[in-house]
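A.B. asks: Next up is a structure, given as structure tokens.
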Amino acid sequence: MRKPFICGNWKMNKNVEEAEAMITALKDKVKGVENVEMGICPTALCLTTVKEAAQGSDIVTGAENIYWKDSGAYTGEISAKMLADSNIEYTIVGHSERREIFGESDYEVNKKVLSALEHGVKPIVCVGETLEERKADQIEAKVNFQVDSALAGLSEDEVEDVVIAYEPIWAIGTGETASAEEANRVIGIIRKNIRKEYPEAADKIRIQYGGSVKPHNVEEIMAQEEIDGALVGGASLAADSFSEIILKTAEIYK
């Protein structure tokens, strides 16, 4: 059985003091949870704060973005090598906000995935369709193209270390969410597509759902066969709501 992974994406929120306080509170609330992997992806400024505050717990830390070069004249960027040097376990790659606001391409996403894995950092690759693509019945074509592009050049073993996050763009931060059954269907499509190129890794790779995941809907989402976790936005900013999501998931996987 694949171990579920509940990961918070803080986006551009929380200063160092707020981050430390939140992780301290979260540690107490999820103490003893062993059947769910728990993670937080804060801003780059708060990475070491979160990492240090999480010591003594099973909470892992991830970045929200990387650049694919190890170092150099790339103002404002951080590299996978820097994350590895600081023992940061994960990085989000290709979030829809990065793709839309900053023009991040599928080519760039693939370069970042390759760089992350080269340095032992596990990438959380975000894929998903727009509302227009959904209405045009292009969901399968869109997500499969994004996944194929992101995984290009990877070995079977490397694919096992990737996490895919299916986040329909129209559901991010809107309060709207795909039905649990629909999310399960699309994630099943993604896994079937991965199986064509990576038959062994397809059953091991974890595929999360993201898009307005809240305490009130996480049980229905996590009860689905194909869904291996959640990438949580707004609800990960408070220890109460995020811990509730984690604890409800842990109960399902008992």
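Each residue, glycine too, has its Cβ placed from N, Cα and C.
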A.B. asks: Let me know which member of Gly39, Gly56, Gly173 TrEMBL also records as binding substrate at the site of Asn9, Trp10, Lys11, Ser212, Gly233, Gly234.
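C.D. replies: Among the candidates, TrEMBL records only Gly173 at this substrate site.
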A.B. asks: Mind checking which residues of the chain, 6+ beyond the ends of the coiled coil (9-36), have their Cβ under 8 Å from one of its Cβ atoms?
C.D. replies: 3, 42-43, 45-46, 49-50, 53-54, 56-59, 64, 92, 95, 97, 210, 229, 231-233, 236-240, 242-243, 246-247, 249-250, 253-254
A.B. asks: For the recorded substrate site, enumerate neighbouring residues of the same chain (Cβ within 8 Å of the Cβ centroid of Asn9, Trp10, Lys11, Gly173, Ser212, Gly233, Gly234, site residues themselves excluded), in sequence order.
C.D. replies: Ile172, Val232, Ala235, Ser236, Leu237
A.B. asks: To which of the recorded positions Lys11, His95 does the lowest count of other Cβ atoms within 10 Å belong?
C.D. replies: Lys11
A.B. asks: Let me know how many other Cβ atoms fall within 10 Å of the Cβ of Asn9 (substrate binding site).
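C.D. replies: I count 26 other Cβ atoms within 10 Å of it.
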A.B. asks: Would you kindly give the Cα-Cα distance separating Glu167 (active site, proton acceptor) and Gly234 (substrate binding site), rounded to the nearest Å?
C.D. replies: 14
